[in-house]
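Student: My questions will all concern the structure given below.
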């Protein structure tokens with residue numbers, strides 16, 4: 001047991017007091033973990049677009065003050081009662097979704113959508129007692145998706161913590177906690193392209209680049225990037241993209257452009273934007289008879305799309321995915337090993353690295369479109 005186990009820890013956290021306002025480094029009190037919980041010492045964290053979306057709070061109920069952050073790597077400081085798969089000193093990745101191991105989803109080999117620990121962006125408390133483990137001078141501070149990694153210490157449900165190889169560099173593998181696995185798994189676990197096949201990737205942000213990386217790892221020979229920003233093609237080449245289409249450059253639907261490029265359509269398509277039109281295009285650009293399209297991007301609340309039923313009857317398949325179909329505790333350690341073996345290249349996703357005291361720079365980089373992933377070093 002650590003010498004801080006069972007005690008309240010005072011540490012630094014970047015607190016969002018208001019929507020869209022710069023985070024403030026504050027001293028917070030972090031309560032000990034309760035039954036089924038883990039307290040982690042965060043060493044590295046990174047900024048994901050989801051953090052920015054809920055920090056801006058333009059499309060949902062604001063919940064402040066709040067500690068954001070959900071991509072991170074750290075070390076287990078202490079564990080609550082009943083936690084057996086983790087112990088102090090273990091290297092771990094907290095994840096915004098979880099694996100209770102008991103529900104029908106966890107017992108199914110096909111699903112990772114745990115009934116108990118599935119992501120809940122509106123919940124700012126722990127599920128054990130509906131209370132926060134963070135406070136400032138007695139005032140509770142809300143959690144974010146059960147992780148809140150913009151803090152030197154955080155408390156997470158044990159089912160949302162993946163124990164990993166202690167030799168893995170936390171400043172690299174921390175980015176596997178969300179976006180990279182979401183795109184990577186959408187390709188390798190759901191689309192499953194065969195060696196020598198063709199894959200279209202819609203949207204070349206971090207998730208789309210990760211989907212392209214999955215296509216590269218799978219041995220796809222043609223990886224077609226589709227994006228409205230042509231300058232992204234040069235960067236995407238590092239992730240295996242070898243052809244590029246900007247829909248704005250054509251006077252016909254992009255699915256028709258791709259069909260003409262590929263003699264009837266690509267074998268697989270992965271949509272990573274959340275745009276309804278991109279979803280339609282991704283589905284309609286796959287080849288009849290065997291084509292598979294996978295939707296990753298999150299649409300707006302009231303969005304809906306339509307496509308002709310013949311597109312299905314002609315043996316095209318449309319699938320959706322959540323976190324790349326990875327079970328956090330079971331599968332994430334294996335993804336880390338793929339990196340350790342050199343099969344998965346993470347360094348090329350990391351464009352910036354800053355000290356914790358400069359965390360607001362990470363928001364600036366993302367809002368300007370200058371970063372893929374910015375690593376935030378907790379120890380300065």
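These residue numbers are counts, starting from 1, taken along the chain as shown.
From the backbone N, Cα and C atoms, a Cβ is placed for every residue, glycine too.
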Student: 48, 50, 70 bind Zn(2+) 1 according to Swiss-Prot; which of 178, 181, 272 goes with them?
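Tutor: For Zn(2+) 1, Swiss-Prot names 48, 50, 70; of 178, 181, 272, the listed one is 178.
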Student: Among 114, 160, indicate the single residue that Swiss-Prot lists for the Zn(2+) 2 site containing 100, 103, 106.
Tutor: 114
Student: Swiss-Prot has 50, 203, 204, 205, 206, 207, 208, 227, 232, 296, 297, 298, 373 binding NAD(+). Which one of 262, 273, 330 is in the same site?
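Tutor: As annotated by Swiss-Prot, 50, 203, 204, 205, 206, 207, 208, 227, 232, 296, 297, 298, 373 share the NAD(+) site with 273, chosen from 262, 273, 330.
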Student: Do me a favour and check the Cα-Cα span between residue 208 (NAD(+) binding site) and residue 100 (Zn(2+) 2 binding site); whole Å is fine.
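Tutor: Cα-Cα distance, residue 208 (NAD(+) binding site) to residue 100 (Zn(2+) 2 binding site): 29 Å.
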Student: For the recorded Zn(2+) 1 site, enumerate neighbouring residues of the same chain (Cβ within 8 Å of the Cβ centroid of 48, 50, 70, 178, site residues themselves excluded), in sequence order.
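Tutor: Not counting the recorded site residues, we get 49, 51, 71, 96, 145, 177, 179.
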Student: Just the number: how many Å between the Cα atoms of residue 106 (Zn(2+) 2 binding site) and residue 178 (Zn(2+) 1 binding site)?
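Tutor: On Cα coordinates alone, these residues lie 19 Å apart.
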